[in-house]
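Quick look at what Swiss-Prot annotates:
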- 1-21: signal peptide (SIGNAL)
- 31-46: disulfide bond (DISULFID)
- 38-51: disulfide bond (DISULFID)
- 45-58: disulfide bond (DISULFID)
- 63: proline amide (MOD_RES)
């Protein structure tokens, strides 16, 4: 019983990873979304996000934010 539960959990995790990789490959975005790493030189944030100079990841663009 324990072994079959482990197989189910492992199978679901494998399915999730496979679908995530397929979607990432299909979209092929060249820009970063929320909390994606950026440096402002070679990697950039998508529209609506700014690269945080402190944390080096994309954050929501807000009025008054540098």
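Every residue number used here counts from 1 along the chain in the order it is shown.
Backbone N, Cα and C atoms are what each Cβ position is placed from, and that goes for glycine too.
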Neighbours of residue 38 (disulfide bond) among recorded positions 31, 45, 58, 63 (C-alpha cutoff 10 angstroms), in sequence order, are 31, 45, 58
Check the Cα distances from residue 31 (disulfide bond) to each of the recorded positions 45, 51, 63 and keep only the ones within 10 Å. 45
Tell me, how many other CB atoms lie within 10 A of the CB of residue 46 (disulfide bond), whichever protein chain they belong to? 14
Take the Cβ of residue 31 (disulfide bond) and count every other Cβ within 10 Å, whichever protein chain it belongs to. 13
For residue 38 (disulfide bond), what is the secondary structure state per DSSP, taken as helix, strand or coil? coil
